[in-house]
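For reference, the structure discussed in these notes is given below.
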């Protein structure tokens, strides 16, 4: 369902979108809030998530028709910043167990860190090494974006020559960093699995 929902927004926006820039909103925070209210309902999490999405759309449609967007001005910047920061910390904490190769169930920030501390001796060193390497590569590729520039057309492109091509290459390398890391890790895990070597939890 996560894969379907992530693709669905893009497909719908290509039909109904009004500007070239695509912004599907803070999906990570929305997913976190959706899970909080739907994972324990009696009639199932998936139907509950669909129902919640439907009612959210109805409310947004009504607010749009009535031009109630000004209400967001009454929400102060510190409140928004605090909510966003808390969501980021919660989501990052939820990934710690995967970074260390641990396996446990936790539903809250405190539960996650309690289980991490309790099971820290069960850390899979190869998962931890791979995680650290991926983080370093991602941060490194993010920094090289400053050395590049997005592709341009016309006379400006001709003026750049080889230097422009290098900057475009560095820019593409930086913006595709997530795909590069995911594909590279998948290939490494696949090759090791072919030789019956399974150092990572994902294999």
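Cβ coordinates are placed from backbone N, Cα and C, and glycine is handled just like the others.
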_transmembrane segment per TrEMBL: which of the ranges 12-33, 78-99 is that?_
12-33
*Do you know which of 143-167, 168-192 TrEMBL annotates as transmembrane segment?*
168-192
*If you average pLDDT over the domain 'SLC26A/SulP transporter' (1-196), what do you get?*
81
